[in-house]
Amino acid sequence: MSYIEKQEFLTELKTRNILKDISSPEKFFNLKPDQGIYIGFDPTATSLHLGNYISISLLKRLQKIGIKVLAVIGGATGMIGDPSFSSKERKLLDFKTLNANKEKIKKQLESFGLPVFDNFEIYKNMNILDFLRDVGKNINISYLLAKESVASRIEVGLSFTEFSYQLIQGWDFKFLAENYQIIGQAGGSDQWGNMVTGLDFIKKSNLVQKDEAFVFTTNLLTDENGQKFGKSLGKPIWLDPEMYSPFHLYQFLLNQNDEQAEKIMLWLSFLDLKVINELIFKHKNDKKQRILQYNLAQEVVFNIHGDKGLKIAKKITKILFEKLDYTEITFKDKLELKKIIPYFKVSFFNANQIIDLGIFKSKRELNEFISHKALEINGSKISNIGDITEELKDKSNLFLLRKGKKYFFIIELI
C-alpha cells in the first residue's frame, strides 16, 4: 500500500469521525509491508460487545487495505483488570472463568477473519524478579503517576495489581514489535496513556524499529445519553447471538434517532462514504421511511452475524410487526421466537391455563379480547373461549399466541 493510499485512509477515518489522536501520522504512512498494527481485547466476559466491534471493524478496515493486523487477547492483562478511568477496582476473575472467556472470545475474533495472539504467552514463564528487572527497571514511577488514567484513581485507592496493568500492556507492545514486527497499536481514546507507555518501552530499547513505532486512538462510540455503546442502558449489546440475538441488534439499530444512526453508519458500516451520504440525503427527504435506520440495521447485522443472522432478524421483525401470514412461519422461526418472546412449558392447555400463566389478567379480559377478535392461536382467530384447546397445537406441540397487535407468546405442550 502506497504512502498516498495510507494518507487517504487516515483522512477517511477522520471524515467518519473514528480517529481521535495519532502519535505520528508520518510513521503510519511509512509502515512497511511486513509491519503491522494490533488492538487488545481483555476477556472480561464470555463475549465481546458492540463497543468492541468498533475495534474489530477498524482491524478489518486496515486488513482490507493490505495492512497486517493482529487481535491480542489479554490473557495476562485480563487477570489484572484495566483501571483506566474506572471509579473502583475491578473484580478479579478466577483462572477457570478467564480461560473459558478466552476460548470464546478467540473464536469470536477468528470468525471475523482476524489472527489472534494471547498475551499470556509473553508472561507464562516470567517470574516476579524477571518482571521487576526487565520491565519495571525501564519505567519511571513519577511518569506513571502523572498519567490521567492513574491520577484519577489515586485518591479513591489504586492497588499495585491495577497499577501494574499499564506496564504489562506497554511491555506487550515492545514484545510484539520485537518478535512480530507489530509496530503500531490502536485502541479506544481511554487507552492512550497505556499505549504511550508501550511507545516509551520501545524507544528505550535497542530495537531497530524503536523510531518507527506509533499509536492511535478512536473516539468512544456513545449512545444519545453519552454512555459507552457496549453497555447502553446497563445491558451490554453482546456480539454472541445466544446472548443478544440478531433480531434484538436489528431492532436496537432500527430504533436509533437520526443523529445516532448517521454516526453509527459512518463508524460501523463498510459502505463507501459516497453511498452513505446518498442514504442520508434520501432519508432527510422522506424521514417517515427511515431509510437510514433500515440500511444501518441491515449493514451492521450482516457484518456481525452474516446473511443467516440478518434473514432471521428480518423474518422475526415481519412476524412481530408486519402481520406475516401464519403459514409462512416455520418451525425454525418458532425456535428463534422462543429466545425473544415470553415462552412457557405446560402439561395441559386451555383457557384457564393461559390466564394462570399471566397472559390475561382474568377470564373477563380474555373474553374481551375474543369478542374484539384480538386473539390468535397458531394463525386461527379465536371466536369462543371454548375453542382454546390442545387441538390447536402444531406438529411440534407449540402454540403461538398473538394478543392484540403487539404481544406474542409461545407455549409448548410437554
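Using N, Cα and C of the backbone, Cβ positions are placed for all residues, glycine too.
Classification of TYR165 (L-tyrosine binding site) by DSSP places it within a helix. What Swiss-Prot records for TYR38, TYR165, GLN169 is L-tyrosine binding site, and it gives sequence analysis as the kind of evidence.
Tertiary neighbourhood of the motif ''HIGH' region' (43-52): same-chain residues 73-75, 78, 81, 90, 93, 98, 100-102, 104-105, 108-109, 188, 220-221, 228-231, 236-240, 243, 249, selected by CB-CB distance under 8 Å and a gap of 6+ residues from either end. Taken from Swiss-Prot, the feature motif ''HIGH' region' covers 43-52.
Residues or ranges marked as motif ''KMSKS' region' in Swiss-Prot: 228-232.
Residues annotated as ATP binding site in Swiss-Prot: LYS231.
Residue counts for the domain 'S4 RNA-binding' (349-414) under DSSP (helix as H, G, I; strand as E, B; rest coil) come to 21 helix, 18 strand, 27 coil. For 349-414, the entry in Swiss-Prot reads domain 'S4 RNA-binding'.
The average pLDDT the prediction assigns to the domain 'S4 RNA-binding' (349-414) is 94. Note: the motif ''HIGH' region' (43-52) comprises 3 helix, 1 strand, 6 coil (DSSP; helix = H, G, I, strand = E, B).
Looking at the residues that bind L-tyrosine per the record, TYR38, TYR165, GLN169, the two CA atoms farthest apart are separated by 17 Å.
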